[in-house]
Amino acid sequence: MVKTALEEFAFLIPLLPALAFAITFFFGRKMPSGGAIVPILAIAASFVISFAITLGLLANPEEVISQSYSWFAVLNIGILIDPLAAVMLSMVSFVSLLIHIYAVSYMSHDAGKARYFAETALFTAAMLSLVLSDNILQLFVSWELVGLCSYLLIGFWFEKPSAAAAAKKAFLTTRIGDVMFLTGIIVLTSDLLKVSGGFQDGVYLLRFDEIFSYIPELAALQINILGFEISHLTIITLLFFGGAVGKSGQFPLHVWLPDAMEGPTTVSALIHAATMVTAGVYLVARTFPMFIAAPDSLMVVAYFGGFTALFAGTMGIVMNDLKRVLAFSTISQLGYMMLGLGLGTAIGLEAVGISLFHLINHAFFKALLFLCAGSVIHAVGTQDMRELGGVGKVMPITAATMTIAALALAGFGIPGTSIGTSGFMSKDPIIEAAYLFGEHSSNWIPYVFSILAALLTSIYIFRLIFMTFTGKPRSNYHGHESPAIMTIPLSILAIFALAFGALTRTGFMEFLEETFTNSFVNLDIGALAGIGENELVAAAGHEPLAVLWPPVIVALAGFAIAFVIYYLRAFSLGPLASMKNPIYRLLYNRYYQHQIYTEFFSIGIVYGIIAFLTQVVDVIIDSVVEGIGIVTVFVGEELRKIQTGVVQTYATALIAGVSLLIILVKLIMEVL
């Protein structure tokens, strides 16, 4: 393709925030506002470049930006910007920019604000680098850096034991997924070497275009497990999905995400909207050609996603902490995204479009929800909804924008029209695709999961709105509206939460699908779907109104339930919402997963392994130390015998040693 100025600047997208990290880390303490201006300007520049590239690709989707620098056949650093990467780059940089601007005021009184802005700049750089990667190994390196940054930011207030514990929990839990992801890369590399005939000059096998070109050969490799022939490609994609389960908070590795609320609220917004948790969804979307040739893996993705969406919703309806409700909503919405990708067995490439479209829209209204929560906490000083009430009277802008975000999360709109919130435009197509899958395969489980999750979503988000902003204050707080530097980002995000979906729906999803139709030469998604024997539904996108209305009806039902109970207070839940109720207690304690993981896995298994290894290591170390002591004494005694004090003896030993060295050198030279 013709080189453009934008292509030459593409490498600056992650580099500028990385440089901002270095500058802020070393000099931020001496600068106003902790050096916040440095990452803000850097991320703004990254957004401008990203958005300009996205506009260029909208005009010519096949004109991808691809730059690759190889070191022999084993290492490669490259940039790949196709429609999928372009929209992610624009979203990550834009949302991160607004969060950084908001944080100038939110973190203004924090003594560690310079460290905060340095770490958030690095966090953004790591995510941008992950999205830009043109090969799976480079993506994994950025993936690990994202995990490290989340650890640092969740534990930002490390002097608090709860924050330090939450950071360690997030780091260790996501490591389980990371090990699976790395194992998948190792298996993939081994298989690629097998089917390609080994390393070749000028060819880097782990580039995505190279991986995709060998999918038929990878699918042909089989392994017999308990009498079942399983494709190597199925194993690889399941391992990749295991990595995504950890990063994107899917069941059963979701337990770290609610505790991640221990960091500053702006960190929560960054993790839940623009960086950490979207990485897993992006991984599955980026490697989608591999998944569509392994339909069993896609079905696993669909089931886990659908179940997670419902499972998280059951816990969200009983939480009283403002941020924890939003955390469970994130887990649930990520489940929808995974469900959308998993439905690729039925709707093919459209799965990437509907899932990533929801990811982008979710980033806007989820960032808005968290920043509004931060605005309330910043002004009132508490995040317990039982102590709030009436906040809308003193914080009208925050209340209005958070209500807009709630409408988007619940998916309010008019079916069959272009009238609706961004969440309606992106979440409902996933539910509709689940319906088509059920109609086509008689498997209604994903649809049931998704429709029930939609009901719970509406209940818990409007429960939050009514408990926080309506009624009378339930404590002696003295609230006030946040300053303009905080409310302006809220207003901008509210506009996107309302209108982005309606303005971009059809064209945006078609643009995303261009990733695998025009961006990769010789990539035939139809042929790969045939390898997996997928039976694609031709009716996708043309559903009757009877299919379009149920998601909206359950959203209205959820609103009505929350309105009657928490706004009108027509009746009290009484003992139903108390710890005396075993079901409530089960949900409030999150199904006791933390206790199970801690006591069974951590204490029972891990401590047992540690105790065993400790004994083994102690024996080895003791033996080695004692052995070294014995050998040292023995060698010392023997060497003492040749220390005669006679100069002639020393001269003879020196000549003999030099002669031996000369002989060895000559022998080596002859061999070479």
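Numbers here mean position along the shown chain, with the first residue as 1.
Using the three backbone atoms N, Cα and C, a Cβ is placed for every residue, glycine included.
Here Swiss-Prot flags 8-28 (among others) as transmembrane segment. If one looks beyond the transmembrane segment (8-28) by at least 6 residues along the same chain, the residues whose Cβ comes under 8 Å of a Cβ in the stretch are 34-36, 38-39, 41-43, 45-46, 49-50, 53, 65, 67, 79, 81, 89, 93, 113-115, 117-119, 121-122, 124-126, 128-129, 132.
Annotated transmembrane segment per Swiss-Prot: 37-57 (among others), in sequence order.
As annotated by Swiss-Prot, transmembrane segment applies to 79-99 (among others), with the evidence given as sequence analysis.
Look at Swiss-Prot and you will find 179-199 (among others) tagged as transmembrane segment, backed by sequence analysis.
Annotation comment: Swiss-Prot describes 225-245 (among others) as transmembrane segment.
As annotated by Swiss-Prot, transmembrane segment applies to 265-285 (among others), with the evidence given as sequence analysis.
What Swiss-Prot records for 298-318 (among others) is transmembrane segment, and it gives sequence analysis as the kind of evidence.
Marked as transmembrane segment by Swiss-Prot on the basis of sequence analysis: 337-357 (among others).
Marked as transmembrane segment by Swiss-Prot: 447-467 (among others).
Taken from Swiss-Prot, the feature transmembrane segment applies to 545-565 (among others), supported by sequence analysis.
Swiss-Prot lists 601-621 (among others) with the feature transmembrane segment, giving sequence analysis as the kind of evidence.
Marked as transmembrane segment by Swiss-Prot on the basis of sequence analysis: 652-672 (among others).
With a cut-off of 8 Å on Cβ pairs spaced 6 or more residues apart, the transmembrane segment (447-467) and the transmembrane segment (37-57) reach fewer than 3 such pairs and are scored as not touching.
Below 8 A, the CB atoms of the transmembrane segment (79-99) and the transmembrane segment (265-285) form 3+ pairs separated by six or more positions in the chain. Same-chain residues lying 6 or more positions outside the transmembrane segment (265-285) and placing a CB less than 8 Å from one of its CB atoms are 84, 88, 91-92, 95-96, 99, 102-103, 106-107, 120, 123-124, 126-127, 130-131, 139, 143, 146-147, 149-150, 153-154, 156, 177, 181, 240-241, 243-250, 257, 291, 301, 323, 326-327, 330, 334, 337-338, 341, 352, 355-356, 359, 362-364, 366-367, 370-371, 373-374, 377-378.
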